[in-house]
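Comments concern the structure below.
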(Lines of atoms letter the chains of each structure in order from A and count residues from 1; the text may use other names and numbers.)
(Lines give C-alpha, C1' and ligand atoms only; values in the text may rest on other atoms or scores of the structure.)
Protein backbone atom coordinates (compact mmCIF):
# COMPACT_ATOMS: atom_id res chain seq x y z
CA UNK A 1 0.00 0.00 0.00
CA UNK A 2 1.38 3.44 -0.99
CA UNK A 3 2.38 5.92 1.69
CA UNK A 4 -0.10 8.71 2.46
CA UNK A 5 0.20 12.38 3.28
CA UNK A 6 -1.87 13.54 6.25
CA UNK A 7 -2.69 17.15 7.13
CA UNK A 8 -4.36 18.19 10.38
CA UNK A 9 -6.62 20.98 11.69
CA UNK A 10 -5.68 24.49 10.56
CA UNK A 11 -3.22 23.38 7.85
CA UNK A 12 -5.81 21.01 6.36
CA UNK A 13 -8.60 23.59 6.42
CA UNK A 14 -6.43 26.33 4.88
CA UNK A 15 -5.43 24.11 1.95
CA UNK A 16 -9.03 23.03 1.42
CA UNK A 17 -10.18 26.68 1.52
CA UNK A 18 -7.58 27.56 -1.16
CA UNK A 19 -9.09 24.92 -3.45
CA UNK A 20 -12.61 26.21 -2.75
CA UNK A 21 -11.54 29.76 -3.64
CA UNK A 22 -9.79 28.79 -6.88
CA UNK A 23 -12.86 26.95 -8.17
CA UNK A 24 -15.41 29.48 -6.89
CA UNK A 25 -13.46 32.46 -8.28
CA UNK A 26 -13.48 30.86 -11.75
CA UNK A 27 -17.19 30.00 -11.58
CA UNK A 28 -18.59 33.19 -10.04
CA UNK A 29 -17.50 35.50 -12.88
CA UNK A 30 -20.37 33.96 -14.91
CA UNK A 31 -23.12 35.05 -12.46
CA UNK A 32 -25.87 37.48 -13.44
CA UNK A 33 -26.98 39.20 -16.66
CA UNK A 34 -23.58 40.87 -17.04
CA UNK A 35 -21.57 37.77 -16.10
CA UNK A 36 -18.40 37.16 -18.13
CA UNK A 37 -17.44 34.21 -20.31
CA UNK A 38 -15.02 31.44 -19.39
CA UNK A 39 -13.02 29.72 -22.16
CA UNK A 40 -12.36 26.00 -21.68
CA UNK A 41 -9.55 24.19 -23.52
CA UNK A 42 -10.56 20.95 -25.25
CA UNK A 43 -8.00 18.23 -25.99
CA UNK A 44 -9.58 17.83 -29.46
CA UNK A 45 -10.97 20.64 -31.54
CA UNK A 46 -11.57 24.26 -30.70
CA UNK A 47 -12.05 25.65 -27.17
CA UNK A 48 -15.53 25.98 -25.64
CA UNK A 49 -16.87 29.37 -24.57
CA UNK A 50 -19.41 29.15 -21.73
CA UNK A 51 -21.33 31.12 -19.12
CA UNK A 52 -22.63 27.95 -17.47
CA UNK A 53 -21.29 27.57 -13.91
CA UNK A 54 -21.42 23.78 -13.74
CA UNK A 55 -19.53 23.41 -17.07
CA UNK A 56 -16.71 25.56 -15.66
CA UNK A 57 -16.69 23.67 -12.34
CA UNK A 58 -16.46 20.26 -14.06
CA UNK A 59 -13.30 21.29 -15.93
CA UNK A 60 -11.30 22.16 -12.80
CA UNK A 61 -8.70 19.76 -11.35
CA UNK A 62 -5.92 21.14 -9.13
CA UNK A 63 -2.35 19.84 -8.81
CA UNK A 64 -2.18 19.99 -5.00
CA UNK A 65 -4.21 17.02 -3.75
CA UNK A 66 -5.52 18.77 -0.62
CA UNK A 67 -6.56 21.89 -2.50
CA UNK A 68 -8.15 19.62 -5.11
CA UNK A 69 -10.27 17.94 -2.41
CA UNK A 70 -11.69 21.34 -1.48
CA UNK A 71 -12.39 22.15 -5.13
CA UNK A 72 -14.07 18.76 -5.70
CA UNK A 73 -16.36 19.27 -2.70
CA UNK A 74 -17.56 22.61 -4.10
CA UNK A 75 -17.93 20.95 -7.50
CA UNK A 76 -20.33 18.55 -5.75
CA UNK A 77 -22.39 21.58 -4.61
CA UNK A 78 -22.75 22.73 -8.23
CA UNK A 79 -23.52 19.21 -9.55
CA UNK A 80 -26.10 18.49 -6.85
CA UNK A 81 -27.92 21.77 -7.48
CA UNK A 82 -27.86 21.09 -11.22
CA UNK A 83 -29.28 17.57 -10.72
CA UNK A 84 -32.12 18.75 -8.47
CA UNK A 85 -33.10 22.05 -10.10
CA UNK A 86 -31.18 22.15 -13.41
CA UNK A 87 -29.84 25.64 -12.74
CA UNK A 88 -28.51 27.83 -9.90
CA UNK A 89 -25.08 26.19 -9.91
CA UNK A 90 -23.17 29.49 -9.78
CA UNK A 91 -25.39 30.83 -6.98
CA UNK A 92 -24.76 27.63 -4.99
CA UNK A 93 -20.99 27.94 -5.51
CA UNK A 94 -20.96 31.59 -4.37
CA UNK A 95 -23.00 30.70 -1.26
CA UNK A 96 -20.70 27.76 -0.41
CA UNK A 97 -17.56 29.91 -0.80
CA UNK A 98 -18.96 32.57 1.53
CA UNK A 99 -20.05 30.07 4.22
CA UNK A 100 -16.69 28.23 4.08
CA UNK A 101 -14.61 31.45 4.23
CA UNK A 102 -16.51 32.90 7.20
CA UNK A 103 -16.82 29.51 8.91
CA UNK A 104 -13.06 28.87 8.72
CA UNK A 105 -12.44 32.27 10.36
CA UNK A 106 -14.77 31.24 13.21
CA UNK A 107 -12.97 27.92 13.71
CA UNK A 108 -9.56 29.66 13.66
CA UNK A 109 -10.86 32.07 16.32
CA UNK A 110 -11.52 29.09 18.61
CA UNK A 111 -15.24 28.47 18.07
CA UNK A 112 -16.66 24.95 18.16
CA UNK A 113 -16.99 23.69 14.54
CA UNK A 114 -19.95 21.41 15.39
CA UNK A 115 -21.90 24.29 16.94
CA UNK A 116 -21.11 26.48 13.93
CA UNK A 117 -22.46 23.73 11.65
CA UNK A 118 -25.62 23.39 13.77
CA UNK A 119 -26.15 27.14 13.50
CA UNK A 120 -25.66 27.08 9.71
CA UNK A 121 -28.13 24.16 9.37
CA UNK A 122 -30.67 25.98 11.56
CA UNK A 123 -30.42 29.14 9.41
CA UNK A 124 -30.71 27.15 6.15
CA UNK A 125 -33.81 25.27 7.38
CA UNK A 126 -35.47 28.53 8.46
CA UNK A 127 -34.55 30.17 5.13
CA UNK A 128 -36.04 27.28 3.11
CA UNK A 129 -39.39 27.74 4.90
CA UNK A 130 -39.25 31.48 4.13
CA UNK A 131 -38.49 30.77 0.44
CA UNK A 132 -41.58 28.56 0.27
CA UNK A 133 -43.79 31.25 1.83
CA UNK A 134 -42.26 33.95 -0.43
CA UNK A 135 -42.81 32.01 -3.68
CA UNK A 136 -45.64 32.89 -6.07
CA UNK A 137 -47.15 30.24 -8.42
CA UNK A 138 -45.87 30.52 -11.99
CA UNK A 139 -48.62 29.55 -14.40
CA UNK A 140 -49.03 32.21 -17.10
CA UNK A 141 -46.94 32.27 -20.26
CA UNK A 142 -45.56 35.75 -19.51
CA UNK A 143 -43.99 34.68 -16.19
CA UNK A 144 -42.61 31.48 -17.76
CA UNK A 145 -41.04 33.55 -20.56
CA UNK A 146 -39.48 35.93 -18.00
CA UNK A 147 -37.91 33.04 -16.04
CA UNK A 148 -36.54 31.55 -19.28
CA UNK A 149 -35.15 34.94 -20.34
CA UNK A 150 -33.31 35.43 -17.02
CA UNK A 151 -31.80 31.94 -17.10
CA UNK A 152 -30.72 32.39 -20.73
CA UNK A 153 -28.71 35.46 -19.68
CA UNK A 154 -31.30 37.99 -20.80
CA UNK A 155 -32.14 36.48 -24.23
CA UNK A 156 -35.85 37.32 -24.66
CA UNK A 157 -36.31 35.20 -27.77
CA UNK A 158 -35.27 32.05 -25.90
CA UNK A 159 -37.69 32.84 -23.04
CA UNK A 160 -40.58 33.33 -25.48
CA UNK A 161 -39.85 30.11 -27.40
CA UNK A 162 -39.74 28.06 -24.17
CA UNK A 163 -43.01 29.60 -22.92
CA UNK A 164 -44.59 28.85 -26.31
CA UNK A 165 -43.34 25.24 -26.22
CA UNK A 166 -44.61 24.69 -22.66
CA UNK A 167 -48.02 26.09 -23.59
CA UNK A 168 -48.29 23.78 -26.59
CA UNK A 169 -47.19 20.50 -25.02
CA UNK A 170 -48.28 21.11 -21.40
CA UNK A 171 -46.49 20.15 -18.19
CA UNK A 172 -46.31 16.49 -19.20
CA UNK A 173 -44.85 17.15 -22.63
CA UNK A 174 -41.24 16.60 -23.57
CA UNK A 175 -39.22 19.56 -24.85
CA UNK A 176 -35.91 18.74 -26.49
CA UNK A 177 -33.17 21.10 -27.67
CA UNK A 178 -31.45 20.42 -31.01
CA UNK A 179 -28.97 22.25 -33.20
CA UNK A 180 -30.77 24.09 -36.01
CA UNK A 181 -29.62 24.58 -39.59
CA UNK A 182 -30.15 28.35 -39.96
CA UNK A 183 -29.47 31.52 -37.98
CA UNK A 184 -32.94 31.72 -36.39
CA UNK A 185 -34.26 29.79 -33.38
CA UNK A 186 -37.27 27.67 -34.34
CA UNK A 187 -39.94 25.70 -32.50
CA UNK A 188 -41.39 22.52 -33.95
CA UNK A 189 -44.31 20.84 -32.19
CA UNK A 190 -45.29 17.24 -32.93
CA UNK A 191 -48.94 16.55 -32.18
CA UNK A 192 -50.04 13.02 -31.36
CA UNK A 193 -47.65 10.10 -30.96
CA UNK A 194 -44.60 10.10 -33.19
CA UNK A 195 -41.95 7.39 -33.37
CA UNK A 196 -38.82 7.08 -35.49
CA UNK A 197 -39.83 4.38 -37.95
CA UNK A 198 -40.96 5.18 -41.51
CA UNK A 199 -42.90 3.26 -44.19
CA UNK A 200 -41.46 -0.09 -45.27
CA UNK A 201 -42.00 0.50 -49.00
CA UNK A 202 -42.20 3.70 -51.09
CA UNK A 203 -45.10 2.06 -52.98
CA UNK A 204 -47.32 2.81 -49.96
CA UNK A 205 -46.92 6.59 -50.54
CA UNK A 206 -50.25 8.37 -51.10
CA UNK A 207 -48.97 11.93 -51.57
CA UNK A 208 -46.27 11.98 -54.26
CA UNK A 209 -45.44 15.68 -53.74
CA UNK A 210 -44.40 15.25 -50.12
CA UNK A 211 -43.55 11.53 -50.37
CA UNK A 212 -45.81 10.84 -47.39
CA UNK A 213 -48.33 8.14 -46.56
CA UNK A 214 -51.56 9.78 -45.32
CA UNK A 215 -54.27 7.50 -43.93
CA UNK A 216 -57.54 9.16 -42.88
CA UNK A 217 -59.58 7.42 -40.15
CA UNK A 218 -57.64 4.13 -40.51
CA UNK A 219 -57.71 0.86 -38.62
CA UNK A 220 -54.39 0.00 -36.92
CA UNK A 221 -53.00 -3.52 -36.55
CA UNK A 222 -50.26 -3.97 -33.91
CA UNK A 223 -48.29 -7.24 -34.17
CA UNK A 224 -45.51 -8.37 -31.84
CA UNK A 225 -43.70 -10.56 -34.40
CA UNK A 226 -42.23 -10.67 -37.89
CA UNK A 227 -44.79 -11.23 -40.68
CA UNK A 228 -43.53 -13.04 -43.77
CA UNK A 229 -46.47 -15.34 -44.67
CA UNK A 230 -49.42 -13.57 -46.34
CA UNK A 231 -51.85 -16.35 -45.27
CA UNK A 232 -51.60 -15.08 -41.68
CA UNK A 233 -52.68 -11.60 -42.76
CA UNK A 234 -55.52 -12.56 -45.13
CA UNK A 235 -58.41 -12.73 -42.60
CA UNK A 236 -57.70 -9.20 -41.32
CA UNK A 237 -57.09 -7.80 -44.82
CA UNK A 238 -60.41 -9.20 -46.10
CA UNK A 239 -62.33 -7.78 -43.12
CA UNK A 240 -60.71 -4.33 -43.56
CA UNK A 241 -61.30 -4.36 -47.36
CA UNK A 242 -65.03 -4.99 -46.73
CA UNK A 243 -65.19 -2.06 -44.28
CA UNK A 244 -63.70 0.30 -46.87
CA UNK A 245 -61.30 1.91 -44.38
CA UNK A 246 -57.49 2.16 -44.76
CA UNK A 247 -55.20 -0.06 -42.67
CA UNK A 248 -51.95 0.82 -40.92
CA UNK A 249 -49.79 -2.11 -39.80
CA UNK A 250 -47.16 -1.76 -37.05
CA UNK A 251 -45.14 -4.97 -36.69
CA UNK A 252 -41.67 -6.14 -35.71
CA UNK A 253 -41.07 -6.45 -39.46
CA UNK A 254 -42.94 -7.33 -42.66
CA UNK A 255 -40.94 -8.99 -45.41
CA UNK A 256 -40.99 -11.22 -48.46
CA UNK A 257 -44.33 -12.50 -49.74
CA UNK A 258 -46.38 -10.63 -47.11
CA UNK A 259 -44.91 -7.22 -48.01
CA UNK A 260 -45.12 -7.88 -51.76
CA UNK A 261 -48.80 -8.91 -51.58
CA UNK A 262 -49.62 -5.89 -49.41
CA UNK A 263 -47.96 -3.55 -51.95
CA UNK A 264 -49.72 -5.17 -54.95
CA UNK A 265 -53.15 -4.99 -53.29
CA UNK A 266 -52.57 -1.34 -52.34
CA UNK A 267 -51.48 -0.40 -55.88
CA UNK A 268 -54.53 -2.14 -57.36
CA UNK A 269 -56.78 -0.29 -54.94
CA UNK A 270 -58.23 -3.49 -53.40
CA UNK A 271 -57.20 -2.28 -49.94
CA UNK A 272 -55.48 0.96 -48.89
CA UNK A 273 -52.71 -0.14 -46.53
CA UNK A 274 -49.29 0.92 -45.27
CA UNK A 275 -46.84 -0.80 -42.96
CA UNK A 276 -44.03 0.28 -40.64
CA UNK A 277 -41.76 -1.35 -38.09
CA UNK A 278 -42.53 -1.11 -34.37
CA UNK A 279 -40.36 1.41 -32.47
CA UNK A 280 -37.67 0.42 -29.95
CA UNK A 281 -35.95 -2.92 -29.32
CA UNK A 282 -36.55 -5.94 -27.08
CA UNK A 283 -38.72 -5.33 -24.03
CA UNK A 284 -38.98 -1.62 -24.82
CA UNK A 285 -40.53 -2.49 -28.22
CA UNK A 286 -43.21 -4.59 -26.50
CA UNK A 287 -43.95 -1.79 -24.04
CA UNK A 288 -44.22 0.81 -26.82
CA UNK A 289 -46.51 -1.42 -28.90
CA UNK A 290 -48.72 -1.70 -25.82
CA UNK A 291 -48.67 2.13 -25.51
CA UNK A 292 -49.82 2.46 -29.13
CA UNK A 293 -52.55 -0.15 -28.55
CA UNK A 294 -53.88 1.73 -25.51
CA UNK A 295 -53.70 5.08 -27.35
CA UNK A 296 -55.69 3.72 -30.31
CA UNK A 297 -58.06 1.42 -28.41
CA UNK A 298 -56.70 -1.76 -29.98
CA UNK A 299 -55.01 -5.00 -28.85
CA UNK A 300 -51.44 -6.12 -29.53
CA UNK A 301 -51.54 -9.41 -31.47
CA UNK A 302 -49.00 -11.46 -29.53
CA UNK A 303 -48.57 -15.21 -29.28
CA UNK A 304 -47.32 -14.66 -25.71
CA UNK A 305 -50.95 -14.04 -24.70
CA UNK A 306 -52.29 -16.81 -26.96
CA UNK A 307 -53.50 -14.56 -29.78
CA UNK A 308 -52.36 -15.43 -33.31
CA UNK A 309 -52.62 -13.27 -36.41
CA UNK A 310 -55.09 -15.70 -38.06
CA UNK A 311 -57.50 -15.18 -35.13
CA UNK A 312 -57.38 -11.37 -35.36
CA UNK A 313 -60.55 -9.52 -36.39
CA UNK A 314 -61.78 -5.91 -36.53
CA UNK A 315 -62.39 -5.89 -32.74
CA UNK A 316 -58.65 -6.30 -32.15
CA UNK A 317 -57.72 -3.31 -34.32
CA UNK A 318 -57.14 0.19 -33.01
CA UNK A 319 -58.18 3.33 -34.84
CA UNK A 320 -57.16 6.97 -35.09
CA UNK A 321 -58.32 10.13 -36.82
CA UNK A 322 -55.20 10.25 -38.97
CA UNK A 323 -51.90 8.44 -39.46
CA UNK A 324 -49.00 9.86 -41.45
CA UNK A 325 -45.76 8.10 -42.38
CA UNK A 326 -42.65 9.65 -43.87
CA UNK A 327 -39.43 7.89 -44.81
CA UNK A 328 -38.16 8.35 -41.21
CA UNK A 329 -41.17 8.86 -38.91
CA UNK A 330 -44.72 7.71 -38.22
CA UNK A 331 -47.26 9.93 -36.45
CA UNK A 332 -50.59 8.79 -34.98
CA UNK A 333 -52.96 11.72 -34.45
CA UNK A 334 -56.02 11.58 -32.18
CA UNK A 335 -56.09 7.86 -31.27
CA UNK A 336 -59.46 6.37 -30.31
CA UNK A 337 -58.27 4.97 -26.95
CA UNK A 338 -60.31 5.28 -23.74
CA UNK A 339 -59.13 8.28 -21.67
CA UNK A 340 -59.21 6.31 -18.38
CA UNK A 341 -57.01 3.55 -19.86
CA UNK A 342 -54.49 6.11 -21.15
CA UNK A 343 -54.35 7.80 -17.71
CA UNK A 344 -53.84 4.42 -16.01
CA UNK A 345 -50.99 3.62 -18.42
CA UNK A 346 -49.37 7.03 -17.76
CA UNK A 347 -49.58 6.42 -13.98
CA UNK A 348 -47.97 3.00 -14.45
CA UNK A 349 -45.05 4.47 -16.45
CA UNK A 350 -44.65 7.24 -13.85
CA UNK A 351 -44.28 4.60 -11.14
CA UNK A 352 -41.49 3.01 -13.23
CA UNK A 353 -39.79 6.44 -13.52
CA UNK A 354 -39.76 6.70 -9.71
CA UNK A 355 -38.19 3.23 -9.38
CA UNK A 356 -35.50 3.43 -12.06
CA UNK A 357 -31.93 4.41 -11.20
CA UNK A 358 -30.71 4.70 -14.81
CA UNK A 359 -30.80 8.19 -16.35
CA UNK A 360 -31.17 6.67 -19.83
CA UNK A 361 -34.18 4.56 -18.81
CA UNK A 362 -35.73 7.55 -17.03
CA UNK A 363 -35.39 9.69 -20.16
CA UNK A 364 -36.97 7.00 -22.35
CA UNK A 365 -39.86 6.50 -19.90
CA UNK A 366 -40.48 10.26 -19.75
CA UNK A 367 -40.62 10.31 -23.56
CA UNK A 368 -43.28 7.59 -23.43
CA UNK A 369 -45.34 9.60 -20.92
CA UNK A 370 -45.10 12.66 -23.16
CA UNK A 371 -46.20 10.74 -26.23
CA UNK A 372 -49.25 9.41 -24.38
CA UNK A 373 -50.21 12.45 -22.30
CA UNK A 374 -48.76 15.61 -23.77
CA UNK A 375 -46.77 16.02 -26.91
CA UNK A 376 -43.23 16.62 -28.05
CA UNK A 377 -41.71 20.01 -28.86
CA UNK A 378 -38.28 20.48 -30.43
CA UNK A 379 -36.45 23.80 -30.04
CA UNK A 380 -33.94 24.19 -32.87
CA UNK A 381 -31.20 26.62 -31.89
CA UNK A 382 -29.82 28.82 -34.66
CA UNK A 383 -26.44 30.58 -34.67
CA UNK A 384 -23.80 31.97 -37.03
CA UNK A 385 -20.87 29.81 -35.84
CA UNK A 386 -20.38 26.47 -34.12
CA UNK A 387 -18.91 28.26 -31.06
CA UNK A 388 -22.04 30.35 -30.68
CA UNK A 389 -24.27 27.34 -31.35
CA UNK A 390 -22.78 25.27 -28.50
CA UNK A 391 -22.82 28.17 -26.04
CA UNK A 392 -26.41 29.09 -26.94
CA UNK A 393 -27.61 25.49 -26.79
CA UNK A 394 -26.25 25.18 -23.23
CA UNK A 395 -28.09 28.39 -22.27
CA UNK A 396 -31.36 27.14 -23.78
CA UNK A 397 -31.05 23.87 -21.83
CA UNK A 398 -30.42 25.85 -18.62
CA UNK A 399 -33.43 28.06 -19.30
CA UNK A 400 -35.58 25.02 -19.94
CA UNK A 401 -34.63 23.48 -16.57
CA UNK A 402 -35.33 26.81 -14.87
CA UNK A 403 -38.81 27.17 -16.33
CA UNK A 404 -39.69 23.60 -15.34
CA UNK A 405 -38.52 24.36 -11.77
CA UNK A 406 -40.58 27.59 -11.78
CA UNK A 407 -43.75 25.78 -12.84
CA UNK A 408 -43.09 23.16 -10.12
CA UNK A 409 -42.48 25.33 -7.02
CA UNK A 410 -43.27 28.90 -8.09
CA UNK A 411 -41.04 31.97 -8.43
CA UNK A 412 -39.38 34.49 -6.09
CA UNK A 413 -37.86 37.93 -6.83
CA UNK A 414 -34.64 37.36 -8.81
CA UNK A 415 -31.20 38.89 -8.89
CA UNK A 416 -30.25 37.62 -5.41
CA UNK A 417 -33.02 39.75 -3.84
CA UNK A 418 -35.07 36.83 -2.43
CA UNK A 419 -32.18 35.76 -0.16
CA UNK A 420 -31.69 39.35 1.07
CA UNK A 421 -35.42 39.59 1.91
CA UNK A 422 -35.23 36.30 3.85
CA UNK A 423 -32.08 37.47 5.64
CA UNK A 424 -34.03 40.48 6.98
CA UNK A 425 -36.74 38.17 8.37
CA UNK A 426 -34.23 35.90 10.14
CA UNK A 427 -32.20 38.64 11.88
CA UNK A 428 -33.61 37.68 15.30
CA UNK A 429 -32.91 33.94 14.91
CA UNK A 430 -30.80 32.65 17.83
CA UNK A 431 -29.02 29.36 18.54
CA UNK A 432 -28.68 27.40 21.82
CA UNK A 433 -25.29 29.00 22.52
CA UNK A 434 -23.02 31.77 21.24
CA UNK A 435 -21.21 29.59 18.69
CA UNK A 436 -24.49 28.39 17.15
CA UNK A 437 -25.70 31.99 16.91
CA UNK A 438 -22.43 32.84 15.14
CA UNK A 439 -23.12 29.93 12.72
CA UNK A 440 -26.54 31.46 11.97
CA UNK A 441 -24.86 34.85 11.36
CA UNK A 442 -22.38 33.19 8.93
CA UNK A 443 -25.24 31.69 6.87
CA UNK A 444 -27.17 34.98 6.89
CA UNK A 445 -24.10 36.93 5.76
CA UNK A 446 -23.61 34.41 2.94
CA UNK A 447 -27.13 35.13 1.68
CA UNK A 448 -25.92 38.57 0.56
CA UNK A 449 -23.10 37.02 -1.51
CA UNK A 450 -25.07 36.24 -4.74
CA UNK A 451 -26.41 39.83 -4.96
CA UNK A 452 -22.92 41.22 -4.24
CA UNK A 453 -21.41 39.07 -7.00
CA UNK A 454 -24.11 39.97 -9.56
CA UNK A 455 -23.50 43.68 -8.85
CA UNK A 456 -19.69 43.28 -8.97
CA UNK A 457 -19.93 41.49 -12.34
CA UNK A 458 -22.07 44.39 -13.59
CA UNK A 459 -19.24 46.79 -12.62
CA UNK A 460 -21.08 48.54 -9.75
CA UNK A 461 -20.28 49.08 -6.06
CA UNK A 462 -21.73 46.06 -4.20
CA UNK A 463 -22.08 47.48 -0.65
CA UNK A 464 -24.08 50.54 -1.76
CA UNK A 465 -26.58 48.48 -3.77
CA UNK A 466 -26.94 45.74 -1.11
CA UNK A 467 -27.80 48.38 1.52
CA UNK A 468 -30.31 50.02 -0.83
CA UNK A 469 -32.01 46.65 -1.53
CA UNK A 470 -32.02 45.78 2.20
CA UNK A 471 -33.81 49.05 2.94
CA UNK A 472 -36.62 48.15 0.51
CA UNK A 473 -39.48 45.69 0.99
CA UNK A 474 -41.29 42.95 -0.91
CA UNK A 475 -40.28 42.64 -4.56
CA UNK A 476 -38.16 45.83 -4.54
CA UNK A 477 -34.68 45.09 -5.83
CA UNK A 478 -31.88 45.88 -8.28
CA UNK A 479 -32.03 44.97 -11.97
CA UNK A 480 -28.37 44.52 -12.98
CA UNK A 481 -29.29 44.35 -16.68
CA UNK A 482 -30.65 47.93 -16.75
CA UNK A 483 -28.98 49.31 -13.60
CA UNK A 484 -32.38 50.33 -12.16
CA UNK A 485 -34.17 49.74 -8.85
CA UNK A 486 -37.84 48.79 -8.74
CA UNK A 487 -40.41 45.99 -8.49
CA UNK A 488 -38.57 42.95 -9.86
CA UNK A 489 -41.80 41.09 -10.70
CA UNK A 490 -42.87 44.01 -12.91
CA UNK A 491 -39.41 44.11 -14.52
CA UNK A 492 -39.56 40.36 -15.16
CA UNK A 493 -36.53 39.55 -12.97
CA UNK A 494 -37.68 36.23 -11.47
CA UNK A 495 -35.92 33.16 -10.09
CA UNK A 496 -37.53 29.73 -9.60
CA UNK A 497 -38.03 29.08 -5.86
CA UNK A 498 -36.75 25.52 -6.38
CA UNK A 499 -33.43 26.79 -7.76
CA UNK A 500 -32.89 29.24 -4.87
CA UNK A 501 -33.85 26.56 -2.31
CA UNK A 502 -31.62 23.84 -3.82
CA UNK A 503 -28.64 26.21 -4.09
CA UNK A 504 -28.91 27.18 -0.42
CA UNK A 505 -29.41 23.60 0.82
CA UNK A 506 -26.51 22.17 -1.24
CA UNK A 507 -24.16 25.00 -0.23
CA UNK A 508 -25.06 24.75 3.48
CA UNK A 509 -24.64 20.97 3.49
CA UNK A 510 -21.18 20.80 1.88
CA UNK A 511 -19.83 23.95 3.59
CA UNK A 512 -20.86 22.47 6.97
CA UNK A 513 -18.81 19.35 6.20
CA UNK A 514 -15.75 21.41 5.29
CA UNK A 515 -15.86 23.52 8.45
CA UNK A 516 -15.99 20.37 10.61
CA UNK A 517 -13.00 18.75 8.83
CA UNK A 518 -10.09 18.05 11.21
CA UNK A 519 -7.80 15.83 9.08
CA UNK A 520 -7.19 15.17 5.38
CA UNK A 521 -5.47 12.15 3.83
CA UNK A 522 -4.09 11.87 0.28
CA UNK A 523 -1.59 9.74 -1.67
CA UNK A 524 2.01 10.89 -1.34
CA UNK A 525 3.10 12.07 -4.84
CA UNK A 526 6.83 11.56 -4.01
CA UNK A 527 6.16 7.87 -3.36
CA UNK A 528 4.72 7.41 -6.87
CA UNK A 529 7.59 9.24 -8.55
CA UNK A 530 10.22 7.19 -6.67
CA UNK A 531 8.78 3.82 -7.72
CA UNK A 532 7.42 2.76 -11.08
CA UNK A 533 9.97 4.77 -13.15
CA UNK A 534 11.04 3.50 -16.58
CA UNK A 535 14.34 1.52 -16.67
CA UNK A 536 17.53 3.18 -17.86
CA UNK A 537 17.73 3.22 -21.68
CA UNK A 538 21.54 2.88 -21.65
CA UNK A 539 21.62 0.39 -24.53
CA UNK A 540 20.54 3.00 -27.09
CA UNK A 541 24.04 4.27 -27.92
CA UNK A 542 25.10 5.00 -31.50
CA UNK A 543 21.94 6.98 -32.28
CA UNK A 544 23.50 10.41 -31.80
CA UNK A 545 23.29 11.18 -35.54
CA UNK A 546 19.50 11.35 -35.34
CA UNK A 547 19.48 14.85 -33.84
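The backbone N, Cα and C atoms fix where each Cβ goes, glycine too.
Going by what Swiss-Prot states, the ATP site holds 30, 31, 32, 33, 51, 87, 88, 89, 90, 91, 415, and the candidate of 334, 341, 490, 495 recorded there is 495. Per Swiss-Prot, the stretch carrying the note region 'Disordered' among 502-524, 525-547 is 525-547.
If you take the C-beta of residue 415 (ATP binding site) and look for same-chain residues 6 or more apart in sequence within under 8 angstroms, you find 32, 451, 454, 477, 478, 479, 480, 488, 493, 495. Residue 32 (ATP binding site) is surrounded by 27 other CB atoms, counting those within 10 A of its CB over all protein chains shown. Listed in sequence order, 36, 37, 38, 50, 51, 52, 53, 56, 90 are the same-chain residues six or more apart from residue 30 (ATP binding site) with CB atoms under 8 A from its CB. Between the farthest pair of Cα atoms in the ATP binding residues (30, 31, 32, 33, 51, 87, 88, 89, 90, 91, 415, 495), the distance is 17 Å. There are 21 other CB atoms within 10 A of the CB of residue 51 (ATP binding site), with all protein chains counted.
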